[in-house]
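So the structure is just underneath, and the comments pick up after that.
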Amino acid sequence: MSEAVPTSARKSKNAPVAPGPAPVLEIESLDMEARGVGRTVTEDGTPGKVIFVEGALPGERVTYSSYRRKPSYEQATVVDILRPSVLRTQPKCAFFGTCGGCSMQHLDMRAQVAIKQRVLEDNLWHLAKLRAETVFAPIHGPSWGYRYRARLTVRNVAKKGGVLVGFHEKKSSYVADMTSCEVLPPHVSAMLVPLRRLVEGLSIRDRMPQIELAVGSQVTALVLRVLEPINADDEALLRAFADEHKVQFWLQPKGPDTVTPFYPLDVPLDYTLPEFGIRMPFKPTDFTQVNHQINRVLVGRALRLLAPSRDDRVLDLFCGIGNFTLPLARLSREVMGIEGSDTLTTRALANARENGVDGHTTFACRNLFEVTGDDLRALGAFDKFLIDPPREGALAVSKALAEIAQSGEGPLPKRIVYVSCNPSTLARDAGLLVHEAGYRLKGAGVVNMFPNTSHVESIALFERG
């Protein structure tokens, strides 16, 4: 809220008001959304409001314009950079700053990884009073062309000259007018404009709100969300586009369970884990990692940390389609995968059979957000756990392990590898595992699964004894 202006100082309502100079701010750090963070200083020299400035980097001196004001903080955008950071780089994408797909292209990649590591360490310390005994070397790979999964929004916008296909604009429901994308694989980026033209020619151009993208090892799948049936002319256009661009179309008339392949029908969608001789078939609506190259390294790192042997019984929680379960089955006596989705559980079992490891695997569908100590006891003894939860984390699992440890009734795994996509829920769960279940945080490090974004993926190792 702006301050009241004394009556004597008020101008005529018709008189022009010259804007004052933009305020100046020293940027001290970045927050979880890749915004520069600084603090104003009051007239008496005491700290004032915290200012979150989009587009600013640590060490920079900037002027800014606030678009949201609260009593203790403001949100703002950069007006001018008076002293640039040595870590500032030229964004590769012409649409950076407008498109909401990326938030850190203006920051050197090594600095991006270092900042994500600091975010991980800060969360562990501030939320759980923990420091890892070892900081793992970051897992990183290609910075561009890595995004093998994406949800593209489709809008027929007359003011923009036709159909738009792309990510949302930053902090907006509008679709970015983008004709290429540096984080999508090059062949997908090159398809954005042809996709516009394709949709413009369809009878349901106003009834197709999104296209789901999933790139496999042999084919790129495009799932069209269709709110009305397509006609014969539409079918012909889709087939011609698929043949020209070597893609596979799927149609989704309602929920995810209604997704069916349209054309071509004979090309399998899969990804591979060559280190373990695994080929992983999946449907384009299944959860798979966005970055295939990083996923391969991550699976290898996780298994080396877990160090399974032929005598070990391993529990893989939130197993999905078997991304960790199947490689673990190559090295363990037995692996049990538990997943909350019936569909993914069925897919994991089929993938185990496909790869010839069904003799070493079992799968079950359970709600892991409501699991108890008694539920874990009923599963029997496991030597090691691998936990790979969604952003909500594994709170119920962590509480169940703490309950078993404090009761002294029931076996506990001697080692846990926890793969996280949210540092705050990892820190929360780590606090339970260490302070209440008796584990040590042996190591933790970041996984740069999403370069040029503020998303922080990480991996942590816990041991008892």
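Backbone N, Cα and C atoms are what each Cβ position is placed from, and that goes for glycine too.
Here Swiss-Prot flags 1-22 as region 'Disordered'.
According to Swiss-Prot, the domain 'TRAM' annotation covers 16-80, on the basis of sequence analysis.
Secondary structure from DSSP puts Cys181 ([4Fe-4S] cluster binding site) in coil. Within its own chain, Cys181 ([4Fe-4S] cluster binding site) has Cys93, Phe95, Cys99, Gly101, Arg147, Gly166, Phe167, Val188, Ser189, Leu192 as residues 6 or more apart in sequence whose C-beta sits under 8 angstroms from its own. Among the features that Swiss-Prot reports, [4Fe-4S] cluster binding site is placed at Cys93, Cys99, Cys102, Cys181, with the record citing sequence analysis.
Residues or ranges marked as S-adenosyl-L-methionine binding site by Swiss-Prot: Gln289, Phe318, Asn323, Glu339, Asn367, Asp388. Sequence-distant neighbours of Asn323 (S-adenosyl-L-methionine binding site) (same chain, 6+ apart, CB under 8 A from its CB) are Leu273, Met280, Thr288, Gln289, Asn295, Val299, Asp388.
Sequence-distant neighbours of Cys421 (active site, nucleophile): residues of the same chain at least 6 apart with a C-beta under 8 Å from its C-beta are Pro390, Arg391, Met449, His455, Val456, Glu457. In the three-state DSSP scheme, Cys421 (active site, nucleophile) falls into the coil class. Taken from Swiss-Prot, the feature active site, nucleophile applies to Cys421.
There are 19 other CB atoms within 10 A of the CB of Cys93 ([4Fe-4S] cluster binding site), with all protein chains counted. Cα to Cα, Cys102 ([4Fe-4S] cluster binding site) and Phe318 (S-adenosyl-L-methionine binding site) are separated by 28 Å. DSSP assigns Cys99 ([4Fe-4S] cluster binding site) to a strand.
Around Glu339 (S-adenosyl-L-methionine binding site), the C-beta neighbours below 8 angstroms that are at least 6 residues distant in the chain are Phe318, Cys319, Gly320, Thr345, Ala348, Phe363, Ala364, Cys365, Arg366.
Pairwise Cα distances among Gln289, Phe318, Asn323, Glu339, Asn367, Asp388, the recorded S-adenosyl-L-methionine-binding residues, top out at 21 Å. Scoring each of the binding-site residues (Cys99, Cys102) by how many neighbouring Cβ atoms lie within 10 Å, the top position goes to Cys102.
Every protein chain considered, the tally of other Cβ atoms within 10 Å of the Cβ of Phe318 (S-adenosyl-L-methionine binding site) stands at 23.
One residue stands out among the binding-site residues Gln289, Asn367 for having the most other Cβ atoms within 10 Å of its Cβ: Gln289.
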